[in-house]
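Undergrad: Quick one: this structure, given as structure tokens, is what I'll be asking you about.
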Amino acid sequence: MADAEPDEATLPTEAGLAESLTHCEDETMIPVLASRRASELPVNEVACLLQAELQYGLTHSEVSRRRAYHGWNEFEISEEEPLWRKYLSQFKDPLILLLLASAVISILMRQFDDAVSITVAIIIVVTVAFVQEYRSEKSLEELGKLVPPECHCVREGHLEHLLARELVPGDTVCLSVGERVPADLRLFEAADLSVDESSLTGETAPCSKSTAPQPAGANGHITSRSNIAFMGTLVRCGKAKGIVIGTGENSEFGEVFKMMQAEEAPKTPLQKSMDLLGKQLSLYSFGIIGVIMLVGWLQGKHLLDMFTIGVSLAVAAIPEGLPIVVTVTLALGVMRMVKKRAIVKKLPIVETLGCCNVICTDKTGTLTKNEMTVTRVFSADGLHAEVTGVGYNGVGEVLLDGEMVHSFSNSSISKIVEAGCICNDSLIRNNTLMGRPTEGALIALAMKMGLEGVQQEYIRREEHPFSSEQKWMAVRSVHRTQQDKLGVYYMKGAYEQVIQFCSSYNSKGLTLPLNGQQRELYQQQKSYMGTAGLRVLAFASGAELGALSFLGLVGMIDPPREGVKEAVGMLISSGVAVKMVTGDSQETAVSIASRLGLYTKGSQSLSGDEVDQMDLLQLSHLVSRIVVFYRASPRHKLKIVKALQHIGAVVAMTGDGVNDAVALKAADIGVAMGQTGTDVCKEAADMILVDDDFQTIMSAIEEGKGIYNNIKNFVRFQLSTSIAALTLISLATLMNFPNPLNAMQILWINIIMDGPPAQSLGWSLWTGT
Ligand code: ATP
């Protein structure tokens, strides 16, 4: 339940606030409050110290002034090493040092030609390695900037959507489920707020937060500061408002960040195996080179010649640049995926994408456009109305037997539309929807009937919010003119859920008892609409939640996205199975899946309840044949992923809600929605689809396969050049022939054979040519 501290002090009257501000106004200094001190003080004192207005927020000019003083809400990346030093550090490689030594020896022996050639060769080898490493670093840096954190902040009385870096101390920030806390906040309103602080404390259990001040001295450790939301933590549940007390390095996360900077990013499995391969090859090459030098020396060849040949061979044969090439290739590939609107957060995922063979995808918004429009209304007393027009506007009509229904001209139809408006959290303003598309479609329906004002005529007294687990939403509301009354419950949701709360039905304003025949009729209508691919919502209202009166059904279309059908076709033909996991009913899900070419003859569907009843083994026997999982909720996704992994599949799973996070973590490739996805979900994911489009997954998989193959080919190429050089010199030496190549020739061949292919490989991946 909502919690605000202390009632009067937290939400001060404007006059009171103005007074407190004048008392503590100090034009020059806006302090940053340590979270410990802020947690001990009452909110109004914190606001006073920070010269902030809790509900109105800061003014834009004040924000600029504070930014000039405190800087941006971000972390300073540590001083970069100058380029010349990075370049010189390439010379520390022992092989390069050996080559340098042989150049010096050549000078001493007055073989100036050799000395010059070796030096030029060294410079080229070192420059190529330097350019590769520099590019790899830059691309990795770019990756970090791809998903800038955002936040909701109140400024000059308006809620604004900003980049988190724009926050300054004293800003008022609103938090909701799934969001990342953008700065250290002293909370002043909190409703059922619980926060995952594992990024800060390592504690995985979410920690519940309130607004009450902590007793002084009792909050030594940050985990005990229960009225502070720390930067970088994640809101698991509830809503809250807080005032920014610390930004950037002045936040508690600043300390952790400094530690993180010292940590190197872990290597990908491919990088690790390349490191190992490089080491093994070096060992063998050194062995062979040692033997060549020894034999050459025994044959009476010049020792310096054998030494320079040995060192040149080592430079040519040892693939010391291999791990770097792999990193550059992966990083540049990832940047290329960004252009295709897929953000891959971790390099290893590029490899995993290359071997992915099952994609489990949401329906709404990923396969379909998530642009809902009501096309049919069926009332509990058996009337069918058709609805025309598309989009979130009032253009279109509701037609009953060819006649227009307007306002309350037909009570059965109007009651459904009225319930859809009252039990609704969304708004349409200037033809723009603010809220959920399913609810927007209901408001657009009301606009077509001239009933959109109904939403404002009621005051909400109680609310049961919608969740994908529950699949229904209900409110208890009273008309503004009857505020003394208890009010009426209005419910909307999946038919199977809503009907369970009903004991009667509405027939032209009368409430009649619900019998088996009626239920059967509604069930038939629901299936009929679903089979046509419509999303079906049922409506009910009444004085008691357990004994509501059924009002009717509404069917809305959500057209498939363009290009998805082709993408599905291509994936299936390249051996990647595509499965739909949706909260919608079987009829709707199967109909859309058939339209997209997913569900064909022999395909099967399974409900969330059936998934619940099976154990993992039973599900894994069946899972390869199932194409559609209907009436499924986030918790089923985890079981589906596990069952698929049990049979050896490499699974990509999409998700957007807070509860999807576990399944995304468990999947080999967790895919979050960039637009509709919550921060929690993006956090857990390995890849983010910028435009929520299914086709992007296909592009990413294609890209991953391409990158993987390129790396494999490059390794083969490198090996073959090394083996060729080693074999040639070994055979010549063993057979006591004069050396076919001298040191410089070996080095030059190496430069020509390895340098350009490595560069162009990265370049072709970058440009896509
Ligand atoms: P997915 O994106 O995985 O395909 P979905 O959008 O199909 O998920 P949900 O949003 O969980 O699934 O919806 C499941 C069912 O809940 C819908 O078929 C509908 O009947 C009902 N429903 C959807 N949105 C609302 C809402 N805002 N209020 C009440 N009921 C809803």
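Cβ atoms here come from the backbone N, Cα and C positions, even for glycine.
Nobody curates TrEMBL annotations by hand; they come from automatic prediction.
Not my notes, these are from TrEMBL:
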{"type": "COMPBIAS", "residues": "200-213", "note": "compositional bias 'Polar residues'"}
{"type": "DOMAIN", "residues": "37-111", "note": "domain 'Cation-transporting P-type ATPase N-terminal'"}
{"type": "REGION", "residues": "200-219", "note": "region 'Disordered'"}
{"type": "TRANSMEM", "residues": "91-109", "note": "transmembrane segment"}
{"type": "TRANSMEM", "residues": "115-131", "note": "transmembrane segment"}
{"type": "TRANSMEM", "residues": "281-300", "note": "transmembrane segment"}
{"type": "TRANSMEM", "residues": "306-335", "note": "transmembrane segment"}
{"type": "TRANSMEM", "residues": "536-557", "note": "transmembrane segment"}
Undergrad: Quickly jot the same-chain residues contacting the transmembrane segment (281-300) by Cβ under 8 Å, restricted to those at least six beyond its ends, or write none.
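TA: Cβ under 8 Å, 6 or more out: 306-307, 309-310, 313-314, 317-320, 719, 722, 726, 729-730, 733-734, 736, 739.
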Undergrad: May I have the DSSP-based helix, strand and coil counts for the residues of the domain 'Cation-transporting P-type ATPase N-terminal' (37-111)?
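TA: Taking each residue of the domain 'Cation-transporting P-type ATPase N-terminal' (37-111) in turn, the totals are 47 helix, 1 strand, 27 coil.
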Undergrad: Grab the pLDDT values for the domain 'Cation-transporting P-type ATPase N-terminal' (37-111) and give me their mean, rounded.
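TA: The average pLDDT of the model in the domain 'Cation-transporting P-type ATPase N-terminal' (37-111) works out to 81.
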